[in-house]
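K.L.:
Structure incoming, see below.
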Amino acid sequence: MGFLVTTLIFIVVGIIASLCARICCNRGPSANLLHLTLIITATVCCWMMWAIVYLAQMKPLIVPILNETE
Amino acid sequence: MHLLYGFDLQLNDGKSPFQRTFVNQVKRCAEMSRKLRFFKDQIHKAGLVPSPNPASEPDVELEELEIQLAEHEHELIEMNSNSEKLRQTYNELLEFKMVLQKAGDFLVSSGNHAVAQETELSENVYSNDSYADSASLLEEEMQPGPSNQSGVRFISGIICKSKVLRFERTLFRATRGNMLFNQAPADDQIIDPASNEMVEKTVFVVFFSGEQARTKILKICESFGANCYPVPEDLTKRSQIIREVLSRSSDLEATLEAGLRHRDTALNTIGFYLSKWTNMVRREKAVYDVLNMLNFDVTKKCLVGEGWCPIFAKTRIQESLQRATFDCSSQVGIIFHVMDAVESPPTYFRTNHFTNAYQEIVDAYGVAKYQEANPAVYTIITFPFLFAVMFGDWGHGICLLLGALVLIVREKKLSSQKLDSFMEMLFGGRYLLLLMSLFSIYCGLIYNEFFSVPFHIFGHSAYKCRDATCSDAYSVGLVKYRDAYPFGVDPSWRGSRSELPFLNSLKMKMSILFGVVQMNLGIILSYFNARYFGNSLDIKYQFVPQMIFLNSLFGYLSLLIIIKWCTGSQADLYHVMIYMFLSPFEDLRDNKLFWGQSVLQVILLLSAVIAVPWMLFPKPFILKRLHTERFQGRTYGILGTSDMYNEEEPDSARHPHLDEFNFSEVFVHQMIHAIEFVLGAVSNTASYLRLWALSLAHSELSTVFYEKVLLLAWGYDNIVIRLIGLAVFAFATAFILLMMESLSAFLHALRLHWVEFQNKFYNGDGYKFKPFSFALLTDDDD
């Protein structure tokens, strides 16, 4: 699955999570904003982590060279 | 926050503790709590367990309680001293009995040699009534002028077993060998009064001749702490004395028992009420401490206090004050009046169980200034995330998750218990641990490490042998034949020779990217701070040049990293960055990553160079200009006799003052800030490389334990060796990887937040809002 597709999946998961948070724990505007911030931050962090590792492996400059003992 | 009469109090800060009004009451409370501590000690020493009386008695007044406590203490002290004395007497009797029993044997044997009949009285003779008989017997035998008599006399006594050898040697030397030393171990152990524990004692008899020898021996006995007791030579007298001693000691024993029972009853009755009394005294002391902070206005006969309260609580406070007036049926109501304040209010963040731990770790560095942006909001996610980047192993993450779940499930039970400090910290951070473990599982899946073993969860590897024989897999390597592995690091890398170069490059670049993003977030938060406080100067002359400087250098580096990954170019990024500064107009040749790179680099370099004086110079000059504009014509100072100040309380928080504008100070401050930012941009970015370093360390440790312990032990067929290997692996994982590495990653993630993230925007020079609360009274005295 390509880069863009998985990015879209992350975005969708983030949106679903914020909707769930809004539905399940709707506790006043300040708490709602906090929950939204948390979910967006978490989504961005997780996406960045995945994207970095994915991009680094797209066109690698070196390949695995097996060890003699294996 | 409103400044008002009533709460978090500051009025009497100037007065010494001895001038305050309720100091006597506080002293009385302190004295009462000392007595209560004494009772608790005594109960504990007696080995009783205080069981609180379930029936609730009516509350006692403080004065009555004081009198009761004094009585109890007096009674207890008296009982204790009495039983001390009795116990001492009892001990001596016991020792005398042992001496009589054992020494009798020596004397029988020595009495067969026709020795002189004199017996010596030692110094420690009992003058009790029951010894009247024995004393008279002994007196009869006292010969006049015994010092002139030669002949063998003896001294009998008892000494600690550990000192016997030295004692004997000293005696030998002192009497130049002219003595006979007989000893026998006592049958029972005796309580040594000094150390209050059972020691073994030895009964001894020293035969000697001469008066000088006698004095020497007695002195030596005294110095060694040996107790000497007189033993009559005559057998009948001895047995008579033994009988007397036995009867007296059994009497004493009964008396001691009775005394102990009496004391235990007294302690038990105290123990019923002890916790209730302790609580009461503690609360009263806290109330008096707070009352001391109020100002007692003698003329108006009222107590005046200033404090802070949150705005949302205002109506509740007014209601409570009305209720208090009603409850104590006072005639004058409590006046609650909102004032303006000059000084900065305290900071109050309302937290719940979950967010409390994060707020605590942010506050540990510095409490936020009133109304500035709270970094804890982002810390809730970024702190566990950075921890996980350094910890990434989903096997270890699952272990942490189990631990966190155990703590959370037993939340109610554990919060009511009193825990020791390590468990308390762990329990306080249970939600922290939960998030840390969840992110660790995620990062572990990305790094593809389960106790350092990779799995093919997300499909086949992207690499395979070039041909069917895999002949050159060990020299040239595998070949990439499909798209990149869809989620995480390809499992083919683990165990290969080029694993470390690849992972190092990946993780270093990842650290730089995370670092640049988090620092940018920090600078953006400083923009929002400046906007909230209406500080357009900070926006124009601090936020903008900071963004330009950081992003034209390290933002550009991040861009290069991403372009290099996407295009697979062989450009050397170190070379690009360094020569961007050294020779910006030179041709890039192999290091060209995209079209227009040279031009862009020159532009970025120029922006960075312009940004430095931009953040250094304008702000101090503009501040100076603003200050002279505002205070033009006010150089003579403020007249302080307007009417509104007449009704002021003397120690009010409103002190009008005029700001002195010291240009050199402001300029130096700005210079320090600018230099800190410019140099910090490089050092902070490099600091984020610890994300790489710790994750490498974790992965290597994990690999070593797996390959060199578990696999090695599993290679043998022997079940014992396998079990031992498993046990060593489990211990090493638990203590080194789970505990030590967790602490290490926790600490470094925390440092990254406190220093690299927060120094871009955080002031952290506020103070916390600490309202008075009975529930928060700690057991300081215990």
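Quick reminder: no glycine exception, Cβ is built from N, Cα and C everywhere.
For reference, TrEMBL lists these features for the protein:
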type	residues	note
COILED	B:62-89	coiled coil
TRANSMEM	B:385-409	transmembrane segment
TRANSMEM	B:430-447	transmembrane segment
TRANSMEM	B:510-528	transmembrane segment
TRANSMEM	B:548-565	transmembrane segment
TRANSMEM	B:594-617	transmembrane segment
TRANSMEM	B:719-740	transmembrane segment
K.L.:
Under 8 Å between C-beta atoms and at least six residues away from its ends: which parts of the chain pack against the coiled coil (B:62-89)?
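P.N.:
Distal contacts: 28, 32, 35-36, 38-39, 42, 191, 193, 252, 255-256, 259-260, 262-263, 266-267, 270, 277, 280-281, 284.
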K.L.:
What residues in the same chain, six or more past the boundaries of the transmembrane segment (B:385-409), come closer than 8 Å to it by Cβ-Cβ distance?
P.N.:
426-427, 430-431, 433-434, 436-447, 449-453, 510-511, 514, 690-691, 694-695, 698-699, 702, 733-734, 737-738, 741-742, 744-746, 748-749, 752-753
K.L.:
Do any residues, 6 or more residues outside the transmembrane segment (B:594-617), come within under 8 Å Cβ-to-Cβ of it, and if so which ones?
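P.N.:
541-542, 544-546, 548-549, 552-553, 556, 563, 567, 580-581, 584-585, 587-588, 670-671, 673-674, 677-678.
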K.L.:
Mean pLDDT over the coiled coil (B:62-89): what is the value?
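P.N.:
Value for the coiled coil (B:62-89), mean pLDDT as a whole number: 87.
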